[in-house]
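> Pasting the relevant annotations from TrEMBL:
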- A:12-35: transmembrane segment (TRANSMEM)
- A:73-93: transmembrane segment (TRANSMEM)
- A:114-138: transmembrane segment (TRANSMEM)
- A:183-200: transmembrane segment (TRANSMEM)
- A:246-264: transmembrane segment (TRANSMEM)
Amino acid sequence: MGSVKAELLRLWKWPATWVLIGVWLVMTLTFGYVFNYLALNGGTNTRGQSQQQLISAMQPENVGAAVVRGLPMFGGAIILVLAALAIGSGYGWGTWKTTLTAGPRRVSAMAGTLGALGIIVVLLVALTFVVNLGASITVASLEGWDWSLPGVDVWKPIVASLLIAAMWTGFGVFLGVITKGPALAVGLGLMWAIVTENLLRGVGSLLGPVESLTKVLPGGSAGNLAGAVGGSGAPGVLNDLSGTTAALFLVGYIVVFVGTATLLKVRRDLV
Amino acid sequence: MIVTTEKLTKRYGDRAVVDEVSLSVRRGEVYGFLGPNGAGKTTTIRMLLGLVRPSSGTASVLGEAPGTPKALLKVGSLIEGPGFYPYLSGRDNLRVHAHRRGVARTHVEAVLEQVDLVSAANEKFRRYSLGMKQRLGVAAALLGQPELLILDEPTNGLDPAGMADMRDLVRALAAQGQTVLLSSHLLGEVEEICDRVGVISNGRLVAESTVEQLRGDTVLLIKADPIEKAHVLIEGSELRGDVLHVRETDPGALIRTLVHADVDVQEVRPLRRTLEEVFFEMTGVA
């Protein structure tokens with residue numbers, strides 16, 4: 001518990017945490033509401049979406065879908081960067097040696113970091129939900145639409161969002177530990193989340209096995225889960241797998257990323 | 001014994017960075033771990049703290065295996081410079097550390113006072129001078145009132161005033177009965193502060209004893225006229241040019257002997273090897 005408190009204190013007071021959360025909230029508002037609102041009110045190109053689709057995307061009752069659709073790619077990339085920085089920076093600052101000589105077992109120290117990151121990520125998803133709900137209510141009120149709050153089935157996209165966020169957190173942690181630094185971890189992570197999987201999807205249209213593989217890669221699984229719970233109209237959202245299959249792949253990735261990172265942290269010399 | 005190692009070895013490939021080191025640190029002493037850069041001091045210390053796993057050999061810290069919570073909670077350490085979050089204040093960094101060690105928040109204020117950092121405690125760590133950073137490192141090491149303090153090159157990079165401050169701090173801790181393992185390549189520092197010394201060179205412990213024992217017996221240098229007569233009078237004396245070297249514990253008796261024999265005694269002074277000379281002999285560093 002002391003390790004979680006320690007990590008939470010330092011992550012809470014870390015400007016990078018709030019900068020990344022802030023950037024994500026601005027992105028989700030801009031792409032989820034501001035641009036759609038402008039398109040609805042005089043825009044000339046609505047990306048092929050009908051007025052009804054734009055209205056539906058901004059309705060408060062669909063806020064769950066609005067939260068989850070941004071996470072497979074851009075939201076995920078931001079969460080990955082946060083996790084990779086949180087873990088990787090400790091090597092450069094020398095704080096890992098301070099942490100690992102403080103008293104707790106290595107596995108407890110790692111659990112403390114993961115626990116605190118988990119709390120921050122839950123907070124990020126919760127803030128995304130609240131901010132999106134606020135934006136959707138504002139738009140609905142401005143436009144004079146009949147609107148209602150999301151129903152109880154909003155738990156599905158929220159749980160899916162948490163699962164997707166947990167996978168990207170695990171990926172960031174894994175990269176931070178394996179590269180023992182923030183720069184390479186962030187670089188590799190962004191490359192994977194934004195570029196590599198998209199390139200592979202491009203290649204997949206030429207090669208069948210690659211196409212099948214892209215569906216179950218980390219970003220692909222996240223995109224498929226987002227698609228299965230109603231997320232649509234955002235980069236990275238897919239509809240190739242069932243929600244259950246995609247969720248199982250995500251759980252698998254979390255286990256592999258977090259398990260490998262913890263194993264390395266526990267067994268590797270800190271020189 | 002607070003720390004014991006038995007043939008402790010760390011190899012990277014074929015190269016033994018630490019080679020069968022057997023040392024012991026006693027309760028209440030300041031133990032100087034002396035060696036040139038790259039001799040294996042930090043790797044040995046990292047093994048004592050469980051950061052690095054030994055290739056062979058054993059170590060015991062306060063009766064526990066190195067790196068276990070039982071051992072670590074009784075040890076405070078500062079290894080190769082302080083490792084803190086640059087964006088946090090000194091006080092917040094200590095609060096983070098206190099959470100990890102399970103130490104009450106009030107103790108943070110006590111150690112800040114102990115290292116004289118209260119006035120700068122709310123400043124960001126990245127704005128600290130090197131000396132302040134080192135002192136914060138010592139403060140973190142002191143959290144939880146450890147039985148053993150391990151300080152690895154605590155004066156590294158400090159200006160002379162900062163070095164003097166750090167030495168005073170270690171001396172003050174030693175005066176309170178704190179056991180300290182102090183690694184350094186600065187001979188004066190070790191000579192000034194430490195009770196016993198372990199000298200490591202190329203990964204091997206080449207000596208372990210008190211500073212006095214390492215420096216050996218005092219030799220008296222005598223200038224007298226006629227020097228040949230003095231040489232004959234003083235049994236066991238060694239004539240070196242126009243002076244005598246004598247291993248003698250009673251200079252008074254020696255001078256009386258010469259004066260009674262009408263030898264004109266011009267100079268008598270003790271000649272002792274400095275720790276530096278001993279160190280250079282042992283490590284082959286010039």
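The backbone N, Cα and C atoms fix where each Cβ goes, and this holds for glycine too.
TrEMBL: automatically predicted annotations, no manual curation.
Structural setting of the listed features?
Within the chain carrying the transmembrane segment (A:12-35), a Cβ under 8 angstroms from the stretch's Cβ atoms is held by residues 57-58, 66-67, 69-70, 74-75, 78-79, 81-82, 85-86, 120, 123-124, 127-128, 131-132, 135-136, 139, 234, all 6 or more beyond its ends.
Long-range contacts of the transmembrane segment (A:73-93) within its own chain (CB-CB distance under 8 A, at least 6 residues past either end) are made by residues 11, 14, 16-17, 20-21, 23-24, 27-28, 99, 113, 117, 120-121, 124, 128, 164-165, 167-173, 175-177, 179-186, 189-190, 193-194, 219, 222-223, 234-236, 261.
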> Could you give the residue numbers and ranges of same-chain residues that sit at least 6 residues beyond the transmembrane segment (A:114-138) on either side and whose C-beta is under 8 angstroms from one of its C-beta atoms?
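Distal contacts: 3-4, 7-8, 11-12, 17, 21, 24-25, 28-29, 32-33, 58-60, 62-64, 66-67, 70, 75, 79, 82-83, 86, 147, 149-150, 158, 161-162, 165-166, 169, 173, 258, 262.
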